[in-house]
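What Swiss-Prot says about this one:
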- L10, A11, G12, K22, D69, D100: GTP binding site (BINDING)
- D100: Mg(2+) binding site (BINDING)
Amino acid sequence: MTDNVSAVILAGGASRRMGTDKSMLKLKGKKMIEIVIESISDIFDELVIVSNSPEKFDYKNNDFKVVSDKLTHLKRSSLRGIYTGLTEISNEYGFIFAGDMPFISPELIKAMISEMRKDKWDIIIPVISGHYEPLFAVYHKNCHYTMKQQLLHENFKITDSLKEFKVLELTDNYCVQYDEYLASFFNINTPEDLEQARKYLGKTE
C-alpha cells in the first residue's frame, strides 16, 4: 500500500456520446468501474468514488467511500469532480482516475508517486502527444482551495488550474518506460472505443 496518497475515481454519470454511464459498461463480464478498482486497490489504502449517482455503488462489504459531487449548482465538469474528491480524502495527495479507463498500469502509477516524493509538487500530470491527462494525475489535497475559487468564477478548464500550481509534466518518453503502449490513457468515449477495448482484450461480451 502507498502511504499518504489516496485514489479518487470520477464516475460522473451518463455520457452524452455513449447514452449511458460509462463506468457501468461491461468488459469481460465486469463493470468498467470494477476493472479500475481492481487495477488500483493493491496500491492505495484509501479509495474515494465521486459520482452523481452514488446509489449505484451501494455494494456490501466494500472497501471504498462513495461521495456525491459538490457545488452541484455549477456546470458538471471534471474539475468539479476533482475538487470534490480532494475535499474528501484523508491523505495529503490524491491520484485522480477516470471511471472508464480499463487498461491502467500499476507500474506507471507507482512511478508517478515516486516522482511526487522527490519534491514538493502540487500536481504531477502526464502530457501525451501534447495533451494533458488530468484524469490520470496526482494532486496535492490543498489544490482544492484554488480549484473552488476557479469553479465559483465559472471557469471549468482544468488546464487553467495548472497555472496556479507547481506542476511536474511527464512526457510520452517518461510514461512509455512503465506503460509501453500508453494504454493507461485509453478511455471509453464512444461505442467504437468500447468495441476497440473488447477486441484488445480478445473477447466480446
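Heads up, residue numbers simply count up from 1 along the chain you see.
Backbone N, Cα and C atoms are what each Cβ position is placed from, and that goes for glycine too.
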* For D100 (GTP binding site), what is the tally of other C-beta atoms lying within 10 angstroms of its C-beta? -> 28
* To do: Look up A11 (GTP binding site) in the DSSP assignment and reduce it to helix, strand or coil.
  => strand
* Around K22 (GTP binding site), how many other CB atoms lie within 10 A of its CB? -> 24
* **Lowest local Cβ density (other Cβ within 10 Å) among binding-site residues: L10, A11** => L10
* Structure fact -> Around the Cβ of D69 (GTP binding site), other Cβ atoms within 10 Å, all chains included, total 21
